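Only one structure is covered here, and it is reproduced in the block below.
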Amino acid sequence: MSKRISFKVDGEVQGVNFRFVPFIHLNSHGNKQQDPGETCSDSTLPFRNFTVKQAKSIGVTGYVQNASDGTVKGEAQGSEDALKEFVSHLNKGPPAASVTGVEHGNVESKDGETGFVVR
């Protein structure tokens with residue numbers, strides 16, 4: 001059964017490690033080519049991108065966004081076990097972030113959601 005939570009992450013979680021290097025791969029001719037749709041951080045991921053990566057890796061859908069009060073917030077939907085793992089990742093955050101707290105609570109599930117995105 002699918003469950004949905006809202007979450008809010010407090011601490012130094014916005015604007016951490018925002019320097020990117022382009023994601024480079026070899027094309028079919030063996031030449032280096034930048035993929036315009038992908039970037040990777042030179043050391044760690046920003047909190048929102050970290051959250052998306054963790055959510056997708058465990059099959060959670062929803063969204064994440066920066067809030068005007070300096071926190072990161074969003075909603076996540078998945079199995080109870082997947083959401084427990086997701087919240088565990090939120091509590092740790094990427095190495096450049098300093099998480100001081102995570103609040104979460106149940107909200108109404110949404111039908112038809114297929115991915116996890118940054119808003």
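Using N, Cα and C of the backbone, Cβ positions are placed for all residues, glycine too.
Fair warning: this is a prediction, and the values are worked out from it, not measured in the lab.
If you look up TrEMBL, you'll see Arg48 (among others) marked as active site. DSSP assigns Arg48 (active site) to a helical segment in the three-state reduction. Around the Cβ of Arg48 (active site), the same chain contributes Val64, Gln65, Asn66, Val72, Val118, each under 8 angstroms and 6 or more positions distant in sequence.
TrEMBL lists Asn66 (among others) with the feature active site.
Under the heading domain 'Acylphosphatase-like', TrEMBL lists 4-119.
The region 'Disordered' feature in TrEMBL is assigned to 94-119.
Under DSSP, residues within the region 'Disordered' (94-119) fall into helix, strand and coil as 0 helix, 13 strand, 13 coil.
According to DSSP, Asn66 (active site) is assigned to a strand segment. Other C-beta atoms found within 10 angstroms of the C-beta of Asn66 (active site) number 18, with every protein chain shown included.
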